[in-house]
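**Q** What follows is a single structure, and I will ask about it in a moment.
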Amino acid sequence: MSARTRWFIAFAALLALLPVLPVPEFWITQLNYIGLNAIVSLGLVLLTGVAGLTSFGQAAFVGIGAYTAATLAVNVGLSPWLTLFIGLGITVLVALVLAAVTLRMSGHYLPLATIAWALSLYYTMSNMEMLGKYDGILGVPALTLFGTSLGSGRSYFYVIWVIALLAALAVIHLLDSRTGRAIRALKGGTTMAEAMGISTYRYKVQIFVLAAMLASVSGWLFAHFQRTVNPSPFSLSKGIEYLFMAVLGGVGHVWGAFTGAALVKLTEDQLKDWLPRLIGTSGNYEVIVFGLVLVVVLKYASEGLWPHIERLFARFLPEKRRVRDWADAAPLPERSKPQPGELLLEVDRVRKQFGGLVAVNDVTFQIRAGEIIGLIGPNGAGKSTTFNLISGVLSKTSGRVSFRGEDVSALASREIARRGMSRTFQHVKMLPDMTVLENVALGGYLRSSAGMAQAMLRLDRDEERRLFKEAERQLERIGMKDQMHELAGNLALGPARLMEIARALCTDPALLLLDEPAAGLRHKEKQALAAVLRQLKAEGMSLLLVEHDMDFVMNLTDRIVVMEFGTKLIEGTPAEVQDSPEVRAAYLGTEH
Ligand code: ADP
Ligand code: MG
């Protein structure tokens, strides 16, 4: 059992004891509210902290859960255990509609959109006759379980906290899984995740729905705890407060949600007591204080409080390290590989115009299986654009790309990745707070299948072992096995580039595309990289090497395509290219 598991059990045991100890009723009630709020904040940890999608509207989903529970129990007489699932069903439907409308928005539009639907859901709830308008619904029955009433605060404490801790556990499991890595990849922009075959939109929707479901469960709990429901706890300001809890506690951390929920609840009560006395009139002044604190937290402790608490505890904990339990795991499935010499990639008069600028001007070349092709040219020649046209990141103005005999011109990058083309990036794209091994395992995404539910229930362990075994094998292949447990963010540029190659290899590619892998590397690192590329070729891998540095490609490639001003200048063997006066002129003309 890991030290963290022991802490978790100790924490749960302590909580379980509280209601039977002579703890005053007031504190039990406080803890109940903290649990309810933490469940909602937990959704925000996933949505905002991990996936990078800010929502001010979670209170509206709490409202959906609460109102469904209240109205169906009071007006229809349904069992609360049934209304929980009906509420979740309605929440999922509403969340899916909102996701379809808002999740494709980028930047600040998404948070603004959440404010808009939070307000409209709030006013809908407040104005519906059947929901009692502003008076709400009174007389919600208490929960009963096997004939026992859970009406007292002390017994309800167990209901709330069992659900809160189970939810926390599920989220912890989720984050350490295939889908969890995919979700964590959303934050750094979508290009890298899509290149690994991840449908970023689908995961945004899934996370959005999951966060809404957590909020809805909290609402259901709330209705049976308060025994009455009215609109005010589901307003926009409460939505902002949930986000505040998550951010204050540490929006990237599961236990941050609990820390934030506790802090906000406890200070809120103190402020409600003290502020009116200081100011002389009563009102919701605590909101102003929270706003100010939020600004300070964002400025000086943007990660929130939990990471600091964790550091204090860390002294008493052994270092968190993944147990290497995959030694005898089965290999992941492999795709059938092209025969040496087979026509692999056909780039046929591809063209890209950015407004008036022709960045790629009808470029044509081919790659056969087993070859290393260099695509070189001075800065701004159109290499990266060509690369992005091939890999599906950019759409072509005209022209055709075929891969293994199939026209892939119109496919999205993740579909092209699925067919066996894998890539690295000119500017390394990785998840700095994951280990090297986990980053590389992201490459195995398409060769595995466990979904969110499997991850949360820990039914994905077999496949996880297979993924890590493959990731370790690829790291070994490029000589980085020793660094697999390091945080990727601590790597120097050279090893980071190699890690990207290992990640691309983990996809089991038929063609590997590398965009300026040697740029910015020191001499030693360049040599290490060249050795890896030679070895890959010896193993039969096909490579397209986009490079600015002519010397680097000279001794590595079978053929070189030279570009200048978007146009293919010549194509030939390294010797032919080296001797070409046009190439020399192109490089001299723009470089020195
Ligand atoms: P290279 O990789 O060879 O250095 P690029 O393919 O990055 O060259 O760029 C080729 C040309 O296209 C440059 O003039 C660049 O400014 C232009 N370009 C690249 N991307 C865009 C874009 N998204 N919008 C407009 N112009 C672009
Ligand atoms: Mg470039």
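Every residue, even glycine, has its Cβ placed from backbone N, Cα and C.
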**Q** In TrEMBL, which of 60-78, 497-515 is labelled transmembrane segment?
**A** 60-78
**Q** For the annotation transmembrane segment in TrEMBL, which listed range does it cover: 243-264, 529-550?
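**A** Within the set 243-264, 529-550, TrEMBL attaches transmembrane segment to 243-264.
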**Q** Would the transmembrane segment (205-223) and the transmembrane segment (60-78) count as touching if the test is at least 3 Cβ pairs under 8 Å, pairs 6 or more apart?
**A** yes
**Q** May I ask whether the transmembrane segment (155-175) has at least three C-beta pairs under 8 Å with the transmembrane segment (60-78), counting pairs 6 or more apart in sequence?
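**A** Output no: the transmembrane segment (60-78) is apart from the transmembrane segment (155-175).
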